[in-house]
Amino acid sequence: MAGKGGLNEKLLSGDDADNAEAPHGAAAGAPSKKHSVKGVVLAAQATSYIRRRNLLIRQKSKADVFQKSPKSFFKGSRDMLCKSWLNSLLVSVPFALAIGAMELSPAATFITSCLAILPLAGLLGDATEQLASHTNETIGGLLNATFGNATELIVAIFALQKGLLNVVQVSLLGSILSNTLLVLGCSCIAGGLTAAQVKFNQVAAQANTTLLQIAILGLVVPTMMESVGQLSVHGTVDLLLSRTISCALLVLYLFYVYFQLFTHRAIFEADSKDSEEEEEEAEEVLLTLGASLGWLGGATVLIAFISEFLTGAIDEAAIEFGLSETFVGFVILPIIGNAAEHSTAIVMAAKGKMDLSFGVALGSSTQIALFVIPLLVLLGWAIDQPLDLYFGVYETVIVFLSTLIVSQVVADGETNWLEGIMLIFAYLIICLSFFFYHSAQE
């Protein structure tokens, strides 16, 4: 290695100086004592040399990792686009915009819009990570927490503006279940194929599942009150109760973010082995700050335009496909919006990094339940759309039972491929039921 000899000479020079200053006045008549003292000095010099050498090597390694400058815009963009095969679907973006603008077949609009949102959602996440690399860990965590479910939020906002309240509700519930059952199940299988029993961060997983159950409790309360005749759907009491609960859930979400990023950050971080293995990859900066903002803004604008076309075509496209609006919202939209995030979680699990995988799956579900749903209820209040927390008796019971299943899976801090298969079968059973289920609001 170039410069290695120079490094050794530099380190040894300090020891030579020490030797030059060593006393020479030892008695000539005590050779055994002289040799003993000389051995101690040599041992101390060797230890000092090793320590200084290791220190300089560590400093050089850290400098190589953390002082990587961003690449040029075109080279960095090329490397970012080549990271995932989903980005090959970006060719569908101009077709989706053209078909939506010309108001052609609703089915064609729906299909092309779904294909276009798949890669754009991944690009939004990549741009957020690149932007976070130019900030400190706290601000980076806040950026990831804010934009983690931006695609679902944008699609839901446009559906809310069009009055598609049922689509908004079932798509958000579908996002929760696709993360907690489908993605978590695939992650357990992928991790279980590498080891008989795979361990993960039990404290972080249980914190997420408990918060998720509390958020689902906010849906259960209006549903139960409606069932016992204490309120009417979209009535004054229902809307007041839903908006108050939504404010409470948003405050709880702020406490959760503070807990995750400040007081108990170490609980939600990956194991030290995973961190060491990923350090170089995680710290690689592909884009400058301006380029990161440009990609983030561009992806957000494109998702907004395509979401407008997508939500406008849902009703007629569902009729053409022979599917219910509930099935489209519960199964298709969540998978489209979360595909990039889903693939990341499964790939991490296949590499044995279960903490990261579980963090993606459970963290995303918690954010939707604690942040996205309450925020949309308050946005509906602002734009005079009566979105409430009454999601229907059947829908609420299904989600509540699913969270109980997930909490049992994560309770012991380890998993295997069989638990993954159980979660996937639970998801398939629920999807099958929604294929035949028609909401009262349709």
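A Cβ is built for glycine as well, from the same backbone N, Cα and C atoms used for every other residue.
All TrEMBL annotations are machine predictions without curation.
TrEMBL lists 22-31 with the feature compositional bias 'Low complexity'. Annotation comment: TrEMBL describes 107-261, 292-435 as domain 'Sodium/calcium exchanger membrane region'. The region 'Disordered' annotation in TrEMBL covers 1-32. The annotation transmembrane segment is assigned in TrEMBL to 85-102, 139-160, 172-196, 203-221, 241-259, 285-307, 327-348, 360-383, 389-410, 417-437.
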Give the residue counts of the domain 'Sodium/calcium exchanger membrane region' (292-435) per reduced DSSP state, in the order helix, strand, coil.
121 helix, 2 strand, 21 coil
Please give the sequence-distant neighbours of the transmembrane segment (285-307): residues at least 6 beyond its ends with Cβ less than 8 Å from one of its Cβ atoms.
68-71, 73, 76-77, 79-80, 93, 96-97, 100, 113, 116-117, 120-121, 123-124, 126-128, 130-131, 133-134, 147, 150-151, 154-155, 157-158
Recorded stretch that, among 172-196, 327-348, 417-437, has the most CB pairs under 8 Å to the transmembrane segment (360-383):
172-196
For the transmembrane segment (85-102), name the stretch out of 172-196, 327-348, 389-410 with the most CB-CB pairs under 8 Å.
327-348
